[in-house]
Each structure stands twice: as structure tokens, then as C-alpha cells.
């Protein structure tokens with residue numbers, strides 16, 4: 001064989017090279033293919049950049065409606081001079097340049113997690129590179145996921161002391177989680193404040209142009225628009241992006257042209273204010289009052305965080321195309337034009353934008369401004385849905401309904417419960433305050449807090465994920481914390497003037513998140529410390545000391561290892577159990593997506609005669625658990641594939657191990673669909689295969705009635721058969737036959753219906769959190785059976801009380 005290879009190599013070497021003409025033609029074809037691929041990639045990013053205008057940049061693009069008015073309020077009204085106007089524009093210019101452009105576009109967008117962004121994406125990256133997670137459900141097999149080792153890899157000694165400190169001290173990891181949750185809560189708070197701020201600001205143009213319309217009429221119109229905005233969310237980001245992108249494009253071009261006209265017509269000298277020298281002059285003249293006014297300046301970058309939070313809906317390249325080359329120049333020229341107009345018309349500051357619009361285009365600009373304000377609210381609402389989904393997947397938010405609105409883009413989702421809660425809170429803020437200055441104080445505080453937290457998490461990512469030096473990370477942290485800290489301190493001064501709304505909203509959502517995570521963690525630890533000993537199970541023998549009735553029992557548990565206490569509770573109280581038992585764990589891992597090839601992790605519990613298996617179904621924090629209706633069939637095929645694999649790969653066999661647990665294999669759900677181990681046949685059958693084969697007429701009649709009420713749930717029935725393979729191991733054939741017979745007999749889903757209570761010896765605070773807070777959330781969120789798409793007709797719930 002070796003000699004044949006050498007001869008083949010000699011023959012290959014002796015062949016004459018292709019003619020020069022053929023080489024040239026081949027190179028041309030390769031060049032053509034490469035150019036076509038590059039062209040397709042560029043066109044795809046340009047299309048996404050165009051769509052991002054309608055989803056991401058609407059909020060940032062409508063900020064010229066209210067920024068100058070928010071700056072010159074309070075004591076700064078005493079400094080309404082042309083020099084102060086120049087200084088305010090210089091502050092706005094450098095703020096937009098340093099934070100959205102330098103920090104986010106060039107640095108933060110590079111810290112994506114397999115294309116996903118937001119505070120939880122940064123947190124998941126950190127949890128994968130260090131043991132920061134508080135929920136101890138990590139497995140070595142999770143690290144083998146293709147999406148797990150994303151980014152830089154390799155040992156780094158510079159961060160080891162800090163890494164060990166954070167991993168060793170649980171309090172430091174708890175503080176890190178609270179910081180991440182606070183950032184997520186501030187984004188949700190933005191989802192409440194942004195629509196009210198943007199829509200009311202845009203509608204103020206009617207009141208400025210028509211004297212007969214009262215402030216109450218403007219508020220009523222604003223509320224009607226807000227209700228329509230939230231009602232539109234169910235159509236999905238993809239459709240909303242195509243609907244809104246032309247509006248924002250026209251809006252940005254309009255404000256660019258208006259700003260350019262005002263700069264040339266009113267005061268071209270405003271160009272000199274691009275120099276930071278005017279910032280120094282501004283603070284020399286205004287002093288402490290100028291520092292307080294920074295709370296209005298930071299509104300010019302409100303909505304910047306949406307660039308990172310909405311990254312999963314688009315790409316970093318499309319963001320880097322849209323902002324520097326289109327959004328940034330339009331905003332700078334518009335602020336410059338407003339400043340040029342105000343330097344000659346100081347009295348127009350309270351309604352600076354609409355007063356700076358030429359009369360000939362006033363009403364068209366007003367219509368576009370109103371539509372753009374609606375679009376501006378879309379960015380942060382979309383970001384809120386993404387944040388809630390990530391919190392939910394990582395065990396930090398109660399179970400809610402997640403609707404996937406696009407078949408092609410995984411990240412585009414809609415959360416009905418959150419949508420209507422946001423609408424109610426937004427209307428309450430709009431009606432309660434009725435003043436954009438007060439809403440802006442709360443809005444600015446929320447935005448700057450999220451940016452401050454993102455800077456902190458980015459510093460950790462630079463050390464642990466990118467594995468750069470501590471000095472580089474510290475420099476990044478100090479630079480942007482110094483800038484953002486000044487703005488944040490100014491925003492905190494305005495807490496009594498409306499800023500308290502952000503704190504109240506964030507505290508409410510933070511309490512919900514932390515209580516849910518705390519209760520979930522305590523429940524998991526209870527299961528972990530009360531697992532059924534395998535020695536006890538092995539002592540019962542293959543029959544488990546009871547009658548093994550035909551069928552498959554799917555025992556759902558949050559445990560990824562060991563046997564949950566629900567099993568012993570069930571066995572103790574009932575005299576029979578299914579002939580095949582599968583312990584199913586649906587688990588979220590700290591990656592955005594898990595490919596179908598890596599979804600199922602199959603293993604065996606106890607020796608072969610026990611017919612007990614374990615299946616871990618892994619999802620990422622951005623995965624949608626769809627109800628495909630074929631979970632049972634995929635599970636049976638995966639177990640059959642594992643049984644066959646175990647026979648040919650002795651290292652998977654548990655006979656050499658005294659624990660008989662822990663050896664698991666990744667089974668590709670795509671490969672098992674090809675039916676390599678079992679033969680699959682389908683027939684159109686309305687009655688589910690879990691009940692059809694049952695001899696009970698009562699169960700069949702119940703299933704028939706259920707199918708009549710829900711005709712859309714009727715599906716094709718799948719039957720499995722063993723292939724004619726004389727060389728198959730008899731023990732493997734017997735086990736596969738038992739598996740098929742059990743599937744024909746029916747499948748039952750067994751879950752624990754848990755009641756979590758604090759121990760009597762617990763502190764008052766713990767009893768308050770567990771007995772009242774966590775219990776209330778569990779009763780009012782979606783049940784685990786609904787969240788996991790378990791058929792109600794086949795569900796068995798086992799009641800248990802957890803004393804944590």
C-alpha cells in the first residue's frame with residue numbers, strides 16, 4: 001500500500017504541467033468566483049446596513065429634536081449666549097465622536113459572542129473563559145461545542161491572579177451578576193422611556209405651529225401613536241426594518257440638508273467649534289452649572305447601546321458601514337446647523353429644532369420627524385426583547401412566551417408579555433410627566449448607566465477573553481470611565497427632577513431577575529444534594545423492585561448528572577414504572593446557538609438490562625425551542641444510534657465503570673433523521689402514537705376529542721423497524737427491539753410539580769424572597785410543561801416540596 005502511494009506520487013510528479021493558457025483560464029475562474037463571493041458579501045452587508053437604519057439608529061437619529069432644549073434648562077438659562085452655544089455644540093460633537101464612534105464602532109462591536117451583542121453576551125463570554133457562573137450545571141462536554149471556544153484562546157498568565165480571585169470568592173461573582181442584571185434592567189427601562197420621550201418631542205411640532213391645539217391634545221395624539229407602535233411589534237423586526245428604514249433614511253438626509261443650510265445661511269463660523277478649545281471656554285464661563293447641563297448633552301448619544309444590543313439582528317460590518325459613513329455625518333451637520341441658527345436666534349432655544357426648519361419645508365419635516373420618532377422607539381424595544389430572551393435562557397428571568405418572527409434570521413423575536421407591560425408603563429410615564437425635560441432626565445440616567453456597565457464588562461473581556469495585558473484593559477477602563485463618569489455624575493444630580501423613574505423601574509426589574517435567579521439556584525442545589533444514590537438503584541435490580549409496564553417514561557429534570565429525587569418519590573408511591581426510562585435534561589449553555597449536530601447528548605444509566613438512559617438537550621441563550629412535533633422520534637432515533645455506537649466503541653460502554661453513569665456521546669439530530677440505525681415509515685394518523693397503541697378505550701377517546709378541538713396538532717405517525725442485519729449483536733438487537741416496543745406502547749412525560757419553601761431556620765429576608773417573591777413569580781409565569789412544549793394529554797406531574 002505504501003509502495004502504491006509512492007508510485008502514484010511519482011506518476012503525478014511526472015505528468016507535464018498544464019499549458020499556460022489553461023493555467024490562466026483556471027486563475028481567471030478562481031478570480032471570478034472570488035469576486036462574485038466578495039460582491040455578494042458586500043451587497044448583503046449593504047442591505048443589512050440599510051435595514052439597520054430602521055431598527056438601530058432611529059433613536060440616535062431623533063435626538064436633535066430635544067438635545068439643545070434639554071441643555072439650556074435650569075440655571076444654564078442665564079448663560080444663553082453665542083459663546084455658550086458654540087461650547088454646547090463642541091461638547092456634542094466630541095461626545096458623539098468618542099463614545100458611539102470610537103468606543104462602540106471600533107471596540108465594543110468587536111466583542112460579539114458568535115455574532116450576538118449586549119451585556120449578557122459579554123457575560124456569557126466571561127463565563128466561558130472563567131468560572132463566573134453561579135449555577136453549577138457546567139459539564140466538560142459543553143466545552144466541546146463548536147460555538148464555545150469563540151475568540152482568542154491559549155493560556156495567559158497575566159490574568160491568573162484576578163481570575164482565581166473572582167472564581168474563589170462567591171460574593172465577587174454575585175456582584176458581577178448583579179452588575180450585569182442592572183445593565184439589562186436599564187435597557188428595559190430605556191424601552192419604557194424612549195417611546196414616550198421621542199413621540200412627545202416630535203408631536204410638539206404641532207403645538208409650535210398651531211395655536212389652537214392644547215398640550216392635552218398633543219398628549220392624546222402621542223398616546224394613540226404609542227399604542228399603535230406597540231401593537232405593530234408582533235409583525236417582527238424583519239418587516240418593521242423594511243418598513244421603517246426608508247423613513248429614517250429620508251429623515252437623516254433631511255436633517256443633514258437642513259443643518260447644512262443653517263450653517264451656511266446663519267453662521268458659517270460655527271465650524272470652528274469643532275475644536276475642543278470651545279469646551280474649555282464653555283466650562284470657564286458656566287462652571288458648575290455647565291457640569292449640570294451635561295445631563296442634556298448625553299441625550300445626543302442616547303440609543304447608542306442599541307447598536308450593540310441589536311447586533312444579533314444584523315452584523316458588525318453592517319453597523320460599521322451605516323454609522324460612520326451615514327448616520328454620524330448627518331448628526332454632526334444637523335447639530336452644527338442648529339447651533340449656527342441658535343447663535344443668531346437665542347430666543348428659539350425652547351423649540352430649537354422646529355424653529356430652525358425653513359418655513360417652506362416645515363410640514364413635510366414634521367411628518368418625517370413624527371414617523372422617525374416612532375422608528376426611534378423601535379430600536380430599544382427590539383433590544384429589550386433580546387435582553388429578556390437572554391435573561392430567560394440563563395435563568396435570570398421568569399419563563400415568558402418567545403415568538404420567533406423570522407424563518408431566516410434567528411435573533412429576531414417578539415415577547416408578547418413584555419411588549420404589553422412596556423406599553424402600559426410607557427403610557428403611564430407619558431401621562432404622568434407630560435414634560436420631555438423630566439422624562440429626559442430619567443432617560444439620560446438609564447442610557448449612561450448602561451454605557452458605564454458596558455465599559456466595565458469590556459475591560460474584563462479584554463483581559464479574560466482577548467487575553468490582552470491588564471495595563472491595556474485598565475487604560476481602556478480609565479479613559480472611558482473618566483468620560484462617562486462625568487456625564488453619569490451630572491445625570492445623578494437630576495434624580496429628584498425625574499431621574500428617579502429610571503431607578504424605580506430598574507430596581508423593580510432587578511428585584512424580579514435576582515429573586516428568580518436566587519430561587520432557581522437554590523432549587524437546583526437542593527436537587528443536586530438530594531440525588532438518588534446509584535447503589536440504591538442497583539440494589540433494586542433491573543425490575544427496580546416493581547412492575548415494569550410497557551412504554552417509555554421521559555423523566556424531566558434540571559440535573560445534568562445523577563438521578564433526581566423525583567424518581568425515588570415516584571417509585572416509592574406508585575407500584576409500576578415504564579420498561580424504558582429516559583432522564584431528560586433541557587439545559588441552556590452560555591453560547592448563543594447550539595447547532596443541530598450537537599443538540600443531543602446521550603448516555604446510559606446503570607447496566608444494559610435496566611434500560612435506563614440519559615438525554616441532555618442543549619440550547620443556547622438565543623435558540624428558540626420550537627415545537628416541531630417530532631421530539632419523541634428524534635429522541636428514540638438518538639438512543640438507538642447511541643446503542644449501536646456503544647456496541648462498536650468499547651470506550652462508551654459502562655461495564656468497566658462501577659458508577660455506570662457519566663459516559664455520554666453527542667448524537668447528531670441530522671444524522672439520525674437519515675435513519676442509519678432504525679428503518680422509519682410514516683402514515684397519516686390523527687391520533688398521537690403515544691395513545692393510539694394503548695388498549696385503553698378511554699385514553700383513545702380523550703385523544704380523539706383533543707385532536708378534534710385542535711386539528712392543527714394532528715401529525716403523521718412514525719413507526720420504527722429493525723433493519724435486516726444478520727451481523728448485528730444479539731444483545732443490541734434485543735435492546736433495540738425493546739426500545740421499539742416501548743415506543744409503540746406509548747410515551748409518558750413525567751415532571752416535578754415543585755413547591756419551593758424556605759426552611760424554618762431561615763432568616764426573615766430569605767423567607768420573604770422564597771416564600772413570597774419566588775413563589776409568586778412561579779405561579780404567574782409560564783409553566784415548565786408549556787415552555788418545553790410537552791403534550792398535556794401525556795403529562796404526569798409529581799408534587800414535591802423543596803425546603804431550601
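Here the Cβ of each residue, glycine as well, is placed from N, Cα and C on the backbone.
Feature annotation from TrEMBL assigns compositional bias 'Basic and acidic residues' to 1-13.
According to TrEMBL, the domain 'K+ potassium transporter integral membrane' annotation covers 48-537.
Among the features that TrEMBL reports, domain 'K+ potassium transporter C-terminal' is placed at 550-802.
The region 'Disordered' annotation in TrEMBL covers 1-26.
Per TrEMBL, transmembrane segment is recorded for 37-57 (among others). Remote same-chain residues near the transmembrane segment (37-57) are listed as 237-238, 240-249, 252, 303, 306-307, 310, 313-315, 317-319, 321-323, 326-327, 375, 378-379, 382 (criterion: CB distance under 8 Å, separation of at least six residues from the stretch ends).
The annotation transmembrane segment is assigned in TrEMBL to 84-106 (among others).
Positions annotated as transmembrane segment by TrEMBL: 174-193 (among others). Beyond the ends of the transmembrane segment (174-193), by six or more residues, the same chain brings 118-120, 122-123, 126, 132, 134, 166, 302, 305, 309, 380-381, 383-384, 387-388, 390-391, 396, 418, 422, 425-426, 429, 439, 442-443, 446-447, 449-450, 453-454, 456-457, 501-502, 505-507, 509-510, 513-514, 517 to within a C-beta distance below 8 angstroms of the stretch.
The transmembrane segment annotation in TrEMBL covers 213-232 (among others).
Counting only same-chain residues 6+ beyond the ends of the transmembrane segment (244-266), those with a CB under 8 A from a CB of the stretch are 50-55, 57-58, 61-62, 64, 326-327, 329-331, 333-338, 340-341, 343-345, 356-358, 361, 365, 368-369, 371-372, 374-375, 378. As annotated by TrEMBL, transmembrane segment applies to 244-266 (among others).
Among the features that TrEMBL reports, transmembrane segment is placed at 291-309 (among others).
Positions annotated as transmembrane segment by TrEMBL: 361-388 (among others). Long-range contacts of the transmembrane segment (361-388) within its own chain (CB-CB distance under 8 A, at least 6 residues past either end) are made by residues 54-62, 65, 118-120, 184, 187-188, 190-191, 194-195, 198-199, 201-203, 205-206, 209, 225-226, 229-230, 233, 237, 240, 244, 247-248, 250-251, 254, 258, 303, 305-306, 309-310, 312-313, 353-354, 397, 400, 411, 413-415, 418-419, 422.
Positions annotated as transmembrane segment by TrEMBL: 409-431 (among others).
Feature annotation from TrEMBL assigns transmembrane segment to 443-464 (among others). Beyond the ends of the transmembrane segment (443-464), by six or more residues, the same chain brings 70, 99, 103, 107-108, 111, 119, 122-123, 125-126, 129-130, 158-159, 162-163, 179-180, 182-183, 186-187, 189-190, 193-194, 197, 295-296, 298-299, 301-305, 308, 470, 472-474, 476-477, 480-481, 484-485, 487-488, 491-492, 494-495, 499, 502-503, 505-506 to within a C-beta distance below 8 angstroms of the stretch.
Annotated transmembrane segment per TrEMBL: 476-493 (among others), in sequence order.
Annotation comment: TrEMBL describes 499-516 (among others) as transmembrane segment.
The transmembrane segment annotation in TrEMBL covers 536-556 (among others).
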Out of 84-106, 213-232, 476-493, 499-516, 536-556, what stretch is closest in contact terms to the transmembrane segment (291-309), meaning most Cβ pairs under 8 angstroms? 84-106
State the residues, same chain only, that lie 6 or more residues beyond the ends of the transmembrane segment (536-556) and have a CB under 8 A from a CB inside it; answer 'none' if no residue qualifies. 563-564, 566-568, 570-571, 574-586, 606-607, 609-611, 635-636, 660, 741-743, 745-752, 784, 788, 790
Outside the transmembrane segment (499-516), six or more residues from its ends: residues with CB under 8 Å to it: 178, 181-182, 184-186, 188-189, 192-193, 391, 395-398, 425, 429, 433, 439, 441-446, 449, 491-492, 769, 773-774, 777
